[in-house]
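Scroll down for the structure; my scribbles are underneath it.
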């Protein structure tokens with residue numbers, strides 16, 4: 001059967017815009033044929049698009065030209081309909097569209113590899129292999145509407161608060177945190193890497209732009225496979241000159257509730273589809289030292305030695321103990337990278353911190369080093385070769401201000417806000433040790 | 001000389017916020033020591049920050065504690081001052097700050113490798129080697145304020161107009177446009193590439209999200225060195241389902257004036273610093289066929305055979321001929337990639353188009369293919385192996401809508417709006433065949 005051309009047809013409405021109020025209106029809808037029921041000389045189609053769906057009612061006698069075509073439709077075929085809206089008690093949404101003209105724009109294969117109506121649940125790998133079908137499911141699609149709103153709200157916050165947007169290189173010559181977990185790139189005739197973080201560059205930007213943010217991709221070659229890690233991640237970074245770590249905690253206190261409130265306000269329907277009852281966290285967030293956390297965990301039966309990193313189930317316990325978001329500060333210097341400042345009075349303690357929400361480390365940051373002598377000595381103390389960093393360290397002799405910053409894992413934040421089990425659910429086409437396609 | 005700690009000092013104002021109206025106010029300023037003049041027991045400092053600068057006046061008798069430190073200051077040392085604002089006729093800005101307390105936060109090397117006051121112009125390579133100093137120059141810094149505003153305005157437009165934000169993979173298994181100019185990545189034990197464009201993925205997204213945008217990095221391994229090309233680029237992509245190329249031209253007509261107006265309104269001071277008299281282009285933009293363009297160029301002395309691509313000086317001529325932005329459509333199919341639809345009645349002509357502004361190709365796009373049979377036949381016609389694309393083509397059997405879209409080169413748009421000679425001026429740390437650092 002021949003496909004029809006779009007010609008001068010254009011969508012007049014999204015499916016969910018058709019309500020009993022539109023009674024009598026002529027409309028053009030386009031989308032996917034989700035369901036069809038045939039009753040002799042009558043056909044009922046559920047036409048779905050990204051907004052929801054709408055029933056199309058087709059009488060053979062008025063549509064004899066294309067009734068055969070309609071009868072032959074398979075699930076997820078791409079269709080366009082012209083018709084008149086009619087109030088009705090026969091459909092859940094109280095409305096149907098009486099067909100007057102029809103186009104078959106494209107065919108979908110049959111049977112489909114995945115059930116969009118999700119009567120049969122699919123394996124996550126099957127879902128990813130057929131991601132565009134999977135993303136037509138309302139419960140999956142809304143995750144990305146919410147993700148978009150999280151990004152929009154965050155950028156709006158940064159613009160309102162005088163952060164300058166920066167875009168720093170993704171291809172770098174120097175291993176940011178020194179070492180493993182980097183993807184090598186052949187850069188013309190040179191060896192290079194994909195950045196693990198914009199860390200060293202965003203720090204430099206405080207020496208001219210003072211207060212900056214960047215939202216962009218970072219890459220981590222972690223060969224392990226967990227529900228918490230992927231290889232290509234979106235990270236939201238800030239860095240502020242003339243500021244200590246406490247100043248950046250105030251940004252958490254402002255920004256996180258700002259994002260939550262925006263999502264609650266602008267994605268109310270989407271949250272309903274996810275059955276998510278989003279609570280805007282109360283600021284200021286609790287601030288607890290690493291040492292205090294160890295004691296509290298110990299009382300709950302998790303004994304960690306001072307200097308040990310918190311395991312994933314420890315992060316879950318932290319949320320149980322403190323409720324709401326917690327900023328954990330005063331981490332051992334050993335656990336933090338070279339660019340985190342160490343305490344003036346006790347070199348075992350760093351100015352690094354984490355933000356833990358819903359049992360997940362959502363953000364990580366610290367006060368940085370601005371004195372070039374200390375910067376180079378920390379490189380050496382961490383066993384790194386200062387020669388490999390000289391393209392960065394040279395800038396430390398050009399007037400670096402004291403500065404502090406953090407990075408939020410955007411995918412994890414989406415995971416927490418949408419209540420997802422696996423961070424891959426928050427990403428369109430996740431990348432990990434196993435999966436490089438599509 | 002010891003450096004001072006920031007302690008509880010915080011910036012109360014940016015330098016340009018100090019005006020005669022602030023007379024009598026106590027303020028805390030922080031920034032870089034741009035200039036110093038000593039007159040016996042008096043010192044005058046120009047303190048500069050990202051907003052501009054302000055004169056600090058220091059009387060030795062009231063500041064004997066740190067007058068020695070102040071006398072020793074070098075250009076671009078990082079300083080913090082407390083003091084009282086005083087109206088004065090002695091300075092250009094009509095104001096000075098009388099010092100009461102002082103901190104030296106960091107030293108800059110002396111002599112500096114670059115003159116921030118720019119009395120001596122520097123080579124572009126020297127500027128990039130010392131980029132943070134270079135970015136302190138008002139004329140350079142404002143480019144990035146304007147760049148930020150361009151990005152902000154574009155995203156605001158997309159949010160208001162129902163585009164869903166997508167973030168598609170940067171590491172890909174399949175060469176998007178088939179072939180050269182790709183950076184290879186070692187992806188665990190697999191061979192992969194950095195994406196040249198989000199093209200194939202954004203097209204897929206019309207099959208679930210219908211109307212999408214993405215602003216993100218793309219990578220082109222072009223070994224040539226011109227003022228128009230860099231290896232790491234920011235691209236602004238849209239793709240719209242149930243739409244033809246004409247629909248996407250209307251987005252140009254809306255979006256470009258929206259961006260220009262936002263920049264004019266929100267970056268008036270920055271445009272003044274660049275001496276840029278920005279004119280908002282009038283929409284709808286001229287729409288001219290490739291064949292008509294060839295004739296017009298020929299009249300201006302540039303003879304091109306039908307089928308030839310327009311050389312850079314041809315794009316300059318196009319702007320001269322038509323003034324303002326021009327959409328050139330009806331390009332030869334030979335010149336366009338496989339995913340651009342070809343004309344129903346003449347396979348030599350494609351549904352691809354370019355947007356030319358100020359003598360530069362700013363955007364490129366087209367109507368796409370949604371019929372899987374045609375998609376595969378175009379791959380073959382372009383000499384590509386359909387097997388290499390099967391991870392993408394499989395989605396074409398799941399109900400692809402007719403769709404169209406375009407991509408704007410963000411760096412070039414910044415170049416045009418700011419009136420820059422070289423696209424590298426629009427990027428913080430440009431990457432090209434020569435330069436991989438810092």
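Cβ from N, Cα, C; glycine included.
Keep in mind that TrEMBL annotations are predicted by a computer and have not been checked by a curator.
For the ATP site, TrEMBL records B:220, B:221, B:222, B:409, B:410, B:411, B:412, and the single candidate of B:250, B:270, B:361, B:376 listed with them is B:361.
Annotated range for region 'Aspartate' in TrEMBL, selecting from B:191-194, B:195-198, B:199-202: B:199-202. DSSP assigns residue B:221 (ATP binding site) to coil in the three-state reduction, outside any helix or strand. With respect to residue B:409 (ATP binding site), the closest of these binding-site residues in Cα terms is B:364, chosen from B:220, B:364, B:368. Within the region 'Aspartate' (B:199-202), the DSSP-based counts of helix, strand and coil residues read 4 helix, 0 strand, 0 coil. Within the same chain, residues 166, 168-169, 174, 176-177, 212, 214, 237-239, 337, 339, 389, 392, 405, 407 sit at least 6 positions outside the region 'Aspartate' (B:199-202) and bring their C-beta atoms closer than 8 Å to a C-beta of that stretch.
In sequence order, B:221 are the binding-site residues among B:221, B:222, B:361, B:412 whose C-beta falls under 8 Å from a C-beta of chain A. The full span of the recorded ATP binding residues, B:220, B:221, B:222, B:361, B:409, B:410, B:411, B:412, taken as their largest Cα to Cα distance, is 19 Å.
Around residue B:220 (L-aspartate binding site), taking its Cβ as the centre, 18 other Cβ atoms fall within 10 Å, counting all chains.
Between the binding-site residues B:221, B:410, the minimum number of other C-beta atoms within 10 Å of a residue's C-beta occurs at B:221. Note: the Cα of residue B:410 (ATP binding site) and the Cα of residue B:364 (L-aspartate binding site) are spaced 12 Å from each other.
Within its own chain, residue B:411 (ATP binding site) has B:230, B:233, B:234, B:423, B:426, B:427 as residues 6 or more apart in sequence whose C-beta sits under 8 angstroms from its own.
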